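Notes to accompany the following structure.
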Amino acid sequence: MIRILLKCSRMSTCTDTPNLDARKTPWKSMWICNAVCFMTGVQLSIFFTSMWPYLNELDSTADLDFFGWTIASYSIGTTISTSLFGFWNQKAMSTKQPASFGNLMMALGNLLYGLLPSINGANKWLMLLARFVVGLGSGHLCVLRTYAATASVPRDRAKALSICIGSYVFGLSVGPALQALFTPLGPKGFQIGIIFINMYTLPAFLMLFVSVISIILLCSVFTENYSGILRSNKSESSFGIVIPKFDRIAAAICIYLWFTMQSIGINIEVMASPLTIAMYNWNNQQAVLYNGIIQSISCSINVICYFALGCTCLQHCDKRPMILFGLTCFTAYHLINLPWPFYREHLDFIKIASNSSIEDTIDSGGCFQQYQWCLYTTRVPFYLYSFAATVLFGLAFPFLASPVGTLFSEVLGPRSQGIMQGIFEFFASSARFLAPLISTALFKKSGYLWPMLGQLTLLFIGIAMIFIFRKKLVPLQLKPEIGVPAKYKSGTFYRL
């Protein structure tokens, strides 16, 4: 069906856009939303550098494959819940209810994680369950991102989404650094009644407190105000307000790029401890501390970049060059960390104590004897690894996460986005679910060469997509150009 509009009065772009521009973004509720996003990001990443040694101390039978499943259980939970939270948000037009429920589930999961040393038996399975429950709760993140997209008016949307996504990714960066602060407690710590307080459990109890704070903020201070959408669900059938269909190819590319970024992020965080233990002979406590320091430096660069993207003229710049820059930084990171033959040093095996026959990374780092790839794999120079993990990561995450998230919202346009943001986060959760399983299996059998090559493949595909579909990666045009067809629910329209 093709309809020709001779007058512009029937189109929302001519009558409603001025009113939309005249509205104000509810910054008070936006900042509360950003704070909850930040705390959600911290809860995702705070245990990554310490989970492997914690799992080993709880149950010595747990191997790297089970560790991969433990990491993946979080993302399995998120994958299951994210679409449900998105549907709940769009149908109820509520952010407060699903976000509060999600934080309640995260609190329960963190409580179980902290109590693991007090429970006798099946500790590794209970850890997997704890991370699964936290993952179910973290699916509410898509609801918060939807609110940032639909509560902000067009002139503020880039800033609002940059800060919202930046808050979450900043939380991802802060998590391992925060974990490093608890290393002085050591793996033994002290005991209060039946509760063990150490470098592994105290962060879990802190995250329980953080979830409670998030619920209090959402229920008592947060006020929902959707200033950035032209219509509610009740009026979607009305022809008086017309929003064009969004470009599905552009939306799919944004989803793919978000999938790639999440895959890289979870891979690095999951592999950081076992990789550095094998590559630089760090013991468990050193791996937690030094990786935390590296994350702290990267985090500082993140903060500067997100501030620049959200609060300077960069917020109004073309998102495509920023995305390419972020992909390039990620590519450089992986190229540097390939085991090139011109790297001179080779890896060492764990030194076994004279009075023991057990390989233990509590006191000495290195490769396990079962890792035959250590015999021929070269060691990445530490100064190159640290540069890539701090500077390149510090630049890559904000210059990919912020513009991709903003562009995805702009491609969808000023409509209710709960379901699409749920799909957006569903694929991100799928990446966080699949990547640890694949990477840990590859790392165990062949070292870090193939995990790096797999991530490079995703990056090269993403770069190619940016160049091939460059003209499609633009915000939705509410007012079509003269003579250019625009697809709507009621058919295809031309503006004359």
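Every residue, even glycine, has its Cβ placed from backbone N, Cα and C.
Taken from TrEMBL as is:
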TRANSMEM  31-54  transmembrane segment
TRANSMEM  66-88  transmembrane segment
TRANSMEM  100-119  transmembrane segment
TRANSMEM  125-148  transmembrane segment
TRANSMEM  160-182  transmembrane segment
TRANSMEM  202-228  transmembrane segment
TRANSMEM  249-268  transmembrane segment
TRANSMEM  288-309  transmembrane segment
TRANSMEM  382-401  transmembrane segment
TRANSMEM  449-469  transmembrane segment
Beyond the flanks of the transmembrane segment (382-401) by 6 or more, those residues with Cβ under 8 Å of it: 165-166, 169, 172-173, 257-258, 261, 265, 268, 279-280, 294, 297-302, 305-306, 309, 322-323, 325-327, 329-330, 332-333, 336-337
Among 66-88, 125-148, 160-182, 249-268, stretch most in contact with the transmembrane segment (288-309) (C-beta, under 8 angstroms): 160-182
Long-range Cβ neighbours of the transmembrane segment (31-54) (under 8 Å; 6 or more residues past either end): 67, 70-71, 74, 95, 99, 103, 106, 110, 113, 127, 131, 134, 138, 140-141, 144-145, 147-148, 151, 163-165, 167-176, 178-180, 187, 199-200, 203-204, 207, 210-211, 213-214, 217-218, 221-222, 269-270, 272-274, 284-285, 287-288, 291-292, 295, 361-362
Long-range Cβ neighbours of the transmembrane segment (202-228) (under 8 Å; 6 or more residues past either end): 20, 23-26, 28-29, 32-33, 35-36, 39-40, 42-43, 46-47, 50, 93-96, 99-100, 103-104, 106-107, 110-111, 113-114, 137, 147, 149-154, 157, 178-179, 182, 185, 189, 414
Beyond the flanks of the transmembrane segment (125-148) by at least 6 residues, Cβ under 8 Å: 29-30, 33-34, 36-37, 40, 43-44, 47, 51, 54-55, 58, 66, 69-71, 73-78, 80-82, 84-86, 88-90, 95, 98-99, 101-110, 112-113, 116, 119, 160-161, 163-165, 168, 211, 224, 226, 405, 409, 417-418, 421-422, 424-425, 429
